[in-house]
Amino acid sequence: MLKQCKEEDFYQLRSVATGRLRPNKASSFLWTTFFISLLTNGIVIWGVYGTDYHLRPSWLLFANICLASLIIQLIIALFYSKETMAYRFQKAQSIFLSIAAFKMSIDMYASMTIISEGDIYPSHIKSTGFALFMGGLIYLIISTLRGIKRVQQGEFREGGKGLYDFKQSKASVSLPIIFGATMMGGSIARTLSNSTSEFAQVGAVYFGLLLAVILQYTMAFALPEFFLLTYCKLKFEFFHIQMPRRPLKETPRETLMAKKQAQQVKASKKGTQKKARSKKK
């Protein structure tokens, strides 16, 4: 879909590549995604390994996957913490960045699912969470396709409007909010209709689900930029950012004079020793 596009069609992404997502800042974002995933995946791991209740074997497998993914994220974050590595392997870094950002956007749903496994929680919480999760994925696909279309329309060229024109994008922003609010409101109303006391017990789960929805839908709004930048990194050398040269530290004048005097003293000593040897001969 983007094969016909050239470097100048992605001009505005160049400022992103040299700005907030330049290699050394992207490394910081990798650490951010790791710590958020550590919190959300940690709930799953602790919930599975630390419970006395009988869980389905699939949960044990899922907990192992969460643990393995955290270890991989930690290794990648440590590797790219070194600035030279971040700039040298920035193409691979960009791929990892997109994957980590996407994973972070959906991680909270896993923790909400393991928490809602208890008998006190109504079954419709899971169906509501699944519907919101699928809605977020559909929104991400639509946002990505819309981003590709805007590239084809020349909105990323110099002077273009970029990924979003908020004056003409009210529907793309408001519809996900309306969908999420409707699903959450319907689920809460259903819980309240069952019993008033039940809602006090599941209120924390609803709050966690709300955070999961906000995180996913916000990231779905921003992820197309990550995907497009990854594409540009892999295809165009123009997006390969050179590591900045660090300015040389100025040596104080006193230090230079002291070194010069030491060298002069050393040279004079050598000259004296040579003269003494020549006299002996």
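Here the Cβ of each residue, glycine as well, is placed from N, Cα and C on the backbone.
All annotation found in TrEMBL is predicted automatically rather than curated by experts.
Feature list (source: TrEMBL):
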COMPBIAS  267-281  compositional bias 'Basic residues'
REGION    250-281  region 'Disordered'
TRANSMEM  29-49  transmembrane segment
TRANSMEM  61-80  transmembrane segment
TRANSMEM  92-110  transmembrane segment
TRANSMEM  130-148  transmembrane segment
TRANSMEM  173-192  transmembrane segment
TRANSMEM  204-229  transmembrane segment
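Here the transmembrane segment (29-49) lies next to the transmembrane segment (92-110) in space: the count of CB pairs under 8 Å, restricted to residues six or more apart, reaches at least 3.
Most Cβ pairs within less than 8 Å of the transmembrane segment (92-110), among stretches 61-80, 130-148, 204-229, belong to 204-229.
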